[in-house]
Amino acid sequence: MAEGAASREAPAPLDVAGGEDDPRAGADAASGDAAPEASGGRMRDRRSGVALPGNAGVPADSEAGLLEAARATPRRTSIIKDPSNQKCGGRKKTVSFSSMPSEKKISSAHDCISFMQAGCELKKVRPNSRIYNRFFTLDTDLQALRWEPSKKDLEKAKLDISAIKEIRLGKNTETFRNNGLADQICEDCAFSILHGENYESLDLVANSADVANIWVSGLRYLVSRSKQPLDFMEGNQNTPRFMWLKTVFEAADVDGNGIMLEDTSVELIKQLNPTLKESKIRLKFKEIQKSKEKLTTRVTEEEFCEAFCELCTRPEVYFLLVQISKNKEYLDANDLMLFLEVEQGVTHVTEDMCLDIIRRYELSEDGRQKGFLAIDGFTQYLLSPECDIFDPEQKKVAQDMTQPLSHYYINASHNTYLIEDQFRGPADINGYVRALKMGCRSIELDVSDGPDNEPILCNRNNMAMLLSFRSVLEVINKFAFVASEYPLILCLGNHCSLPQQRVMVQQMKKVFGNKLYTEAPLSSESYLPSPEKLKHMIIVKGKKLPSESDLLEGEVTDEDEEAEMSRRVSGDYNGEQKHIWLCRELSDLVSICKSVQYRDFELSMKTQNYWEICSFSETLASRIANEYPEDFVNYNKKFLSRVYPSAMRIDSSNLNPQDFWNCGCQIVAMNFQTPGPMMDLHTGWFLQNGGCGYVLRPSIMRDEVSYFSANTKGIVPGVSPLLLHIKIISGQNFPKPKGACAKGDVIDPYVCVEIHGIPADCSEQRTKTVQQNSDNPIFDETFEFQVNLPELTMVRFVILDDDYIGDEFIGQYTIPFECLQPGYRHVPLRSFVGDIMEHVTLFVHIAITNRSGGGKAQKRSLSVRMGKKVREYTMLRNIGLKTIDDIFKIAVHPLREAIDMRENMQNAIVSVKELCGLPPIASLKQCLLTLSSRLITSDSTPSVSLVMKDCFPYLEPLGTIPDVQKRMLAAYDLMIQESRVLIEMADTVQEKIVQCQKAGMEFHEELHNLGAKEGLKGRKLNKAIESFAWNITVLKGQGDLLKNAKNEAVENIKQIQLACLSCGLSKGPGSAAEAKGKRSLEAIEEKESSEENGKL
């Protein structure tokens, strides 16, 4: 398995004697990891959580004196006020044989401040690309940040907290962006402190993402509290969380003594957090008591609260909460609304919706009444189905189901009657139950003569268990439409004599009744009926006697896949097909799925009827896919094709369905009884569209005239590539691999992210390994993938054990790209056999951005510039027919205009994001929030005013403003202007492109004749036809991209206006701006509505 993560080295050691002129340059100084990487790509000494300075406990002499001590001791968490007494940085390594955990998690701002006071090593990045190792600390009076060593005077090697304007997480300053070492610096380990009136930056890199988050959270807390008395000195005891835990403890403490039995405390914590193991809770109590030099079976209120906070606080969730809440210990309704809109991509969020979420997930009664969500409620919300990675819209039928049957991928099973391998496994009726419950819409019935004139199903390599044909039909009838109401295809393998064939017909008619679809196909039609029209119908696929013959029986070729396999294995196969006799009654049950033999595409396109279906062995289909990928795609636009596993797969292993989906093959039959990566892809793919078993293929595979090659390794014509940003944050409750031989439950997990799709999209990346942590391993690694054909892409998360013996597989989850939800999401992991594992999840952040315009609208309409300095234009091809080439030449200028407008808008948006210090995945609302924070003066009035000009929101200064603000306003104005040009010009340009497309399509039917007249034939004619399809595809695709870009621009303007109003930028002399802004929103909506109605 290829490793995607780059190898990283250890950070340079701290040089106490070095000054600012003694840089640590190179990759080792820029490393973003917390530990050196050992051979084989494995990380050693990587710990989860963050080690904090220890707190001295008060010893208890005896259990008898515990009650008195509990009443007398003040319940206050101590804070280290003198870091000079603590060991810091470069601690000597020791070997411990104790089973006690030695680390404490960050669970509050108090913990962040404590860590900062103790200090740690950070890398200081200078604008000249030099990097220095420095030891940073927070003053004991919390007024300044200091670093050493430095040649500067001690009073100069510091930064006053009061001078800090902003703290940015990530590489989001000019120093990082322009730094030659930027690519070697971990995004999640970098942060910047902007200070002074000119927003100068102090750019730093921590040794881990955890440490970076601690500094960012702590500094933001200090800055936000700079004008208020600092209350963190009281520790955690006055937080809403502590008050709630105190209430919980007191309710369980029936004696009111302030202590309870350890067993009771363990049970209470398990009730509050069912995911915790009892052994882990008991170990935590022992650790706390050991630190206080006491050993007892009773737990105080303080110990209970401390244990709960350490066990149940996920640092990554705490840092997220602090970031959202602007450094509070909870979220109010406004914070939650902002989180849902900005991070989660939810639209039309109201305060009532947020209060409802708080009421459902907040654990404390006080929080529910006052409308705030503390860390534990927020964690539960993030773990709830509402924050699942899978788009809820795709959990129901969401696609157009009125297109021809050949336009859909169909969930299909091979050897459905088997539950083990096909060579030795017995037949089992549960195979049908399982497949149908999984939404399978094409199943196999391999029928042979049975005793007593009763047809049977069996594995002819294992006759130990026989299934009566009738019993199988009854099971199918019972479960056929439980998971899906759309048509079920029965692939009939007929090996029966004529008398038993007639018994089969009688039984099918009796069991299925009017569900059997036997209507003769209409010769006036060109395509198969739709799934919508065939609801609750059972379609028989099989051989059929010629309709013009009056014979009651006749001879047909036998497509016996199992017999072919047996003959190949035994060496009896000579390439000749067998023939069988077929009765008229069974032939008449076959209507729109008549099995025919494939010859070649040229003959099929001329002679094959739309109701005829070809079956391809895996070997044949693979050869065709490699040699004739474009022809295979075009063939599948009209006809159904079925691909079944190779005859040599006697172990019932599975083929890779993606290889054949890329060619448009609708029915790719899988061995449902064999779990593994290939079955994971199949199962994940058919989760979409409500799991109904039918998935609409990409439009480029359905359009009559379009160009697409399954083997493409570049950009697809007419489709705008997208960038998928995946941050693997953490894992929860990873189990030990099922087949592991090692003793104990310790694992070293890492995560692989796989992208499956067309060859241009296939990719894989992996995280570093987290040592000996299965409960809450922190990965904090971000990956980026370019996706050229999103509609045909799958994302697979795989968790593996790096220190395995026997079995490395921990869990996986596979999801279609189109079903990904943006934002912070939990991935519910599945076992090797595909079952959801309770409480086992992967915490990730998902963002989808445009590469160069277009992309997804609404919740996924983010923007990013990832192109080359020289703009590339999609080129039209020369066909060699002057009349048609002249038409396409007219489209060249409109195409350039369309690409220019889209990319100009995207580039302007990216410029605003960069000046706001935000990453490309940030939303425009985040930009406006950042922008407004800099444009609000010290007396809380804006330095600019929102002014509406022709329904577009401009910002005008209300006096003299600093140069930094001038640059930001100039970038904002350019963004509005480019959006305006796109909105106002898009329809005109798109119409020109559409007219060229229509004019070109008028020659489609006569293309062969025109080519022949011009002397084109053979390969030249085929090339001309291919170029024509390419041009039509480009024109249609670019027209659609421009339309989508206009919709995105309109949505952006609405977001900007609403954000300006909500951020207070409408205040001041332009007091009527708010009302005017609302009117402009209505004007844009009315304009859009009238344009749409005009087109209709």
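Glycine is treated like the rest: Cβ placed from N, Cα and C.
Ranges compared are 662-682, 704-724, 872-892, 1040-1060, and Swiss-Prot records coiled coil for 1040-1060. Among the candidates Ser279, Ser570, Ser653, the residue that Swiss-Prot annotates as phosphoserine is Ser570. Ser48 is the residue among Ser39, Ser48, Ser108, Ser622 that Swiss-Prot labels phosphoserine. When Thr94, Thr275, Thr297 are compared with the annotations in Swiss-Prot, the one labelled phosphothreonine turns out to be Thr94. Of the candidates Thr173, Thr557, Thr937, Swiss-Prot marks one as phosphothreonine, and that one is Thr557. The helix, strand and coil residue counts that DSSP assigns across the region 'Interaction with PPP1C' (83-222) are 41 helix, 40 strand, 59 coil.
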